[in-house]
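These features come from TrEMBL:
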- Asp147: active site, proton donor/acceptor (ACT_SITE)
- Asn8, Glu383: Mg(2+) binding site (BINDING)
- Lys15, His207, Leu208, Gly209, Ala210, Gly211, Asp283, Leu284, Arg285, Gly331, Ile332, Gly333, Glu334, Asn335: ATP binding site (BINDING)
- Arg90: substrate binding site (BINDING)
- His179: site 'Transition state stabilizer' (SITE)
- Arg240: site 'Transition state stabilizer' (SITE)
Amino acid sequence: MEKTIAINAGSSTLKFKLYEMPEERVISSGAVDRIGIPGSNFTIKTTDGKKVEIDQPIENHEEAVDLLLQELIKLDIIKDYNEITGVGHRVVAGGEIFEDSALIDDKVLKEIEDLKEYAPLHNPANATGIRAFKKILPNITSVAVFDTSFHETLPEKNYLYSIPYEYYEKYGARKYGAHGTSHKYVSQRAAKIMGKPLEDLKLITLHLGAGSSITAIKDGKSFDTSMGFTPLAGITMATRSGDIDASLVVYLMEKLNITDPEDMLTILNKKSGLLGLSEISPDLRDIIDAADKGDKKARTAIDVFVNNIVKYIGSYATEMGGLDGIVFTAGIGENSVPMRKEITSKLGIFNVKMDDVLNQERGERFINTEDSAVKVMVIPTDEELAIAREVEKFKKMGD
Ligand code: AMP
């Protein structure tokens, strides 16, 4: 039985899901955390519910991959490495180079590394994961799946910033978006449950997690999206600021005596968003609890978050010239009953009506009332499955 592994490598983490393909059966999943940091640990789950946790020093991604493969054998999930015939790596930035997923060779790997300025927190880590697998399993089908590829269809009017055009031409200064694999996956599922071709629908997909982004999907393609040149732009996120006036960045650097722009970026990426506003936590659950107990800053953080989202929905519906469906996905979108309620309650102008009972249920479903003018859906995202499917596509091409 052929197996494909989907990998999401961060700077100190490596998450994985192992599939039996083409059945798309998950046979194991897990993560290595704190790679190269004291307190490294490894968690692996099997489908029969067994969970193994290992605490041991894991110095680098190669060691992480080694440990992962050894455990798959020890736990009898695979008999030997040859059973894994494909690996798909999530890569955040593909720039204008990668309109689609790509079979990884030395040239592709170099291009991913060269795109590090477009996603400084992500691309170098993604490349490290790729190199680790290449070294240990050099002969399997290895595919890079880019978060930006789905957004390659953005029209010029939606990806250009109003800055001198030559900066776009010379330096690639434009919007690329992110979370494309998720937006694509949930929009395809939405069309399926709506029983209509995706090409005939105007959808807005809300990927609300630790990182959050909103995409307008028209004619089956990404038409506009909230993240920008990097995943820092768009709506308020757990620790990222989202959209901000560029002059404010310069002003704050002066006020805070910051001379290294990287320090300012750290504030905007790691200390802002819901955490920065609430001064409590980056986790919306903690903020909702605090707001329920009367904490004013927590309430304000939620108000800013919700208002950001409905502003994007309003503008995207306007630029698409209509709206057939809204999809909630990712950690907050899939799990937060009160956030879905707050957001939809502000969309009366579109005649969006949510069913409170359906909102409480779980799994893929509609949550709108019969008489709502717009369908509202909760669709759990599955980026790993989408990645594994991309690997299958390349395997078939090679057959
Ligand atoms: P993700 O990035 O998609 O894994 O989502 C993780 C985020 O989802 C975390 O920052 C949590 O704050 C948020 N989250 C998960 N469950 C809930 C929930 N029930 N209510 C509010 N936020 C949640």
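Every residue gets a Cβ built from N, Cα and C, even glycine.
Proximity of the recorded positions Arg90, His179, Ala210, Arg285, Glu383 to ligand 1, judged by a Cβ distance under 6 angstroms to any of its atoms, singles out Ala210, Arg285 in sequence order. For the ATP site, whose annotated binding residues are Lys15, His207, Leu208, Gly209, Ala210, Gly211, Asp283, Leu284, Arg285, Gly331, Ile332, Gly333, Glu334, Asn335, the maximal Cα to Cα separation is 23 Å. Sparsest Cβ environment among the recorded positions Lys15, Arg90, His179, Arg240, Arg285 (other Cβ atoms counted within 10 Å): Arg285. Taking only the Cα positions, the spacing between Leu208 (ATP binding site) and His179 (site 'Transition state stabilizer') is 10 angstrom.
Within 10 Å of Lys15 (ATP binding site), judged by CA to CA distance, lie the following recorded positions from the set Asn8, Asp147, His179, Arg240, Glu383: Asn8. Between the CA atoms of Asp283 (ATP binding site) and Arg240 (site 'Transition state stabilizer') there is a gap of 12 Å. With a 10 A radius on its CB, Asp147 (active site, proton donor/acceptor) counts 27 other CB atoms from all the protein chains.
In sequence order, Leu14, Lys15, Phe16, His89, Arg90, Gly129, Glu383, Glu384 are the residues of the chain that are 6 or more apart from Asn8 (Mg(2+) binding site) and have a CB within less than 8 Å of its CB. Of the recorded residues, Arg240 (site 'Transition state stabilizer') and Ala210 (ATP binding site) place their C-alpha atoms 9 Å from one another.
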